[in-house]
Amino acid sequence: MIPEHGHIPRSDPIHNISVSQMTFTSGDQIKVTLSGPEFKGFLLEARDANALSGPPIGFFKLIDSRVSQLLTCDDIQGSAVSHTNPHKKTEIKVYWKAPNDAPNHIRFLVTVVQKYKTYWVKIPGPVISQPNAPPFTTPEATVTPLSTLPPVSHLTKSFSASDCGNKKFCVRSPLNCDPAKERACVFLSFTRDDQSVVVELSGPSRGYLSFAFSHDRWMGDDDAYVCIHEDQTVHIQPSYLTGRSHPVMNSKDTLEDMAWRLEDGVMQCSFRRNITLPGDKNRFDLNTSYYIFLADGAADDGRIYKHSQHPLITYEKHDVTDHPKNVGGSRSLLLLKAHGALMFVAWMTTVSIGVIIARFFKPVWSKTLFGESAWFQVHRMLMLTTSALTGIAFVLPFIYRGGWSWHAGCHPYLGCIVMILAVLQPLLAAFRPPLYHQRRELFNWTHWGLGTAARIIAVAAMFLGIDLPGLNLPGSWKTYAMIGFVAWHVGTEVILEIHAYRLSRKIEILDDARIQILQSFTVAEAEGYAFKKAVLAIYVCGNVAFLILFLSNINHL
């Protein structure tokens with residue numbers, strides 16, 4: 001009945017348990033009321049008053065299922081009651097049913113959580129007894145005090161990276177940063193000292209910093225350590241990750257020589273732990289190779305929240321007790337980098353240029369090339385390249401995740417639609433009717449509609465994808481850059497549309513006035529074609545610039 005919040009429970013209970021009757025017989029149903037100042041969570045059980053450490057007794061029945069729920073404790077269904085939500089409440093009412101084999105005396109116990117770090121454990125309630133039972137004489141139960149926490153001291157100076165690779169095994173981001181000189185340096189070091197290891201963790205954070213040892217690149221079943229900034233102090237807490245959920249906080253008894261420091265938005269904490277801890281199944285042996293995770297995020301009232309960005313993960317497994325090294329890591333893995341890069345190339349470059357060429361360059365590149373018009377050959381090559389790049393990029397997240405990603409929002413759903421359209425377009429083009437066939441117009445509109453839909457959905461998917469933690473593009477510039485790219489493409493199409501309209505009007509005027517004049521047509525067309533080529537060259541350069549902007553930031557992660 002002890003919340004694993006990593007704090008010391010209060011010893012001055014302010015909440016009360018009352019019952020509707022003080023005696024009971026088998027099968028009786030007794031109303032139990034928990035009341036007091038506002039609280040968020042609770043856990044209520046009935047125990048043998050003479051053996052409070054024993055299993056729960058009897059069964060509960062709910063009065064209001066909106067605020068309370070039944071739990072199965074010690075494999076006894078309905079043997080405990082807890083909250084259904086963290087909303088503030090002042091009173092909870094339930095029924096307790098006495099079992100056939102109930103002991104003579106029953107005491108109700110409740111754990112109440114007012115705030116994450118403010119809670120009371122096993123507040124004793126009244127004792128109810130069977131009618132013919134001897135008087136209850138056991139002294140009133142008290143809350144068993146938790147073991148004394150190890151002392152925590154204050155660091156007097158900043159950590160240094162000077163011994164990295166010589167005496168310390170260091171994980172740093174950026175790779176060669178020094179926490180003594182750079183506020184933005186994320187720093188983790190391990191120094192072996194006989195049969196123990198001294199750990200130093202530093203980084204910019206006003207919430208928490210954490211690191212974990214993992215057998216793989218996924219959160220879950222990991223040995224983690226968290227430094228939490230709260231009320232101008234830092235709590236150092238070992239924990240265990242059971243999946244992509246809140247870590248389970250463990251006892252601090254395994255840590256020694258804990259110390260911390262706060263200065264200019266930088267948090268630093270250190271501790272010592274033994275290399276092996278046979279008595280603690282959640283603590284990994286440090287003389288084995290693991291991937292090392294580094295994460296940070298917000299904390300409020302001692303409770304930590306999901307990390308603000310994708311964790312920094314070492315490129316390979318390391319044994320921190322082996323030879324000192326200086327290693328780095330990445331917040332975005334290679335497969336996800338490749339996915340983003342290929343999609344950017346496909347939908348920012350090849351498809352955009354291919355659309356411009358098909359829409360505006362038919363008369364410019366009308367000469368035959370390998371049996372087809374040159375514009376068509378270029379258009380087809382660019383579109384097939386788009387489909388191929390999309391197909392390759394599409395499978396990479398599935399390889400990385402080993403299945404579907406349930407934490408990426410709408411992005412994967414839009415990506416699947418884009419992939420389907422990217423396959424349908426070349427298949428549809430393979431059945432293109434001849435130029436003057438009666439179904440050619442239907443084909444043209446269908447081909448244009450599917451292509452336009454694919455481009456719009458792809459842009460939407462990219463807008464969502466650039467904000468996902470797996471790619472981890474830094475800063476807010478990425479959104480403005482995507483808006484700039486869309487405006488660049490739309491602006492280019494508008495300019496070419498206006499130019500095409502003005503050119504057609506100019507030729508119509510020449511024809512209507514009957515001023516001969518083949519040379520006039522030729523000059524007008526030549527000027528128009530030259531303008532289009534100049535616009536295309538500028539457009540391609542702009543697209544390449546946008547592409548380089550995104551790819552360079554992906555590469556630096």
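Each Cβ is built from the backbone N, Cα and C atoms, and glycine gets one as well.
Note: TrEMBL annotation is automatic and uncurated.
Counted with DSSP, the domain 'Reelin' (1-145) comes out as 0 helix, 76 strand, 69 coil. Taken from TrEMBL, the feature domain 'Reelin' applies to 1-145.
What TrEMBL lists as domain 'DOMON' is 182-297.
Among the features that TrEMBL reports, domain 'Cytochrome b561' is placed at 301-499.
Through the fold, the transmembrane segment (341-361) approaches residues 375-376, 378-379, 382-383, 385-386, 389-390, 392-393, 396, 418, 451, 454-455, 458-459, 461-462, 465, 485, 489, 492-493, 496, 500, 532, 536, 539-540, 543-544, 546-547, 550-551, 554 of its own chain, all at least 6 residues removed from its boundaries and within a Cβ separation under 8 Å. Annotated transmembrane segment per TrEMBL: 341-361 (among others), in sequence order.
The feature transmembrane segment is assigned by TrEMBL to 381-400 (among others). Same-chain neighbours of the transmembrane segment (381-400): 333, 335-336, 338-340, 342-343, 345-347, 350-351, 353-354, 357, 412, 415, 418-419, 422-423, 425-426, 429, 470, counting only residues six or more beyond its ends whose CB sits under 8 Å from a CB of the stretch.
Annotation comment: TrEMBL describes 412-431 (among others) as transmembrane segment.
The annotation transmembrane segment is assigned in TrEMBL to 443-465 (among others).
Counting same-chain residues at least six beyond the ends of the transmembrane segment (477-496), those with a Cβ under 8 angstroms from any Cβ of the stretch are 348, 352, 356, 359-360, 459, 462-463, 466-467, 532, 535, 539, 542-543, 546, 549-550, 553. Residues annotated as transmembrane segment in TrEMBL: 477-496 (among others).
Here TrEMBL flags 534-554 (among others) as transmembrane segment. Through the fold, the transmembrane segment (534-554) approaches residues 332, 337, 340-341, 344-345, 348-349, 352-353, 356-357, 361, 466, 471, 473-474, 478, 481, 484-485, 488-489, 492, 495-496, 499 of its own chain, all at least 6 residues removed from its boundaries and within a Cβ separation under 8 Å.
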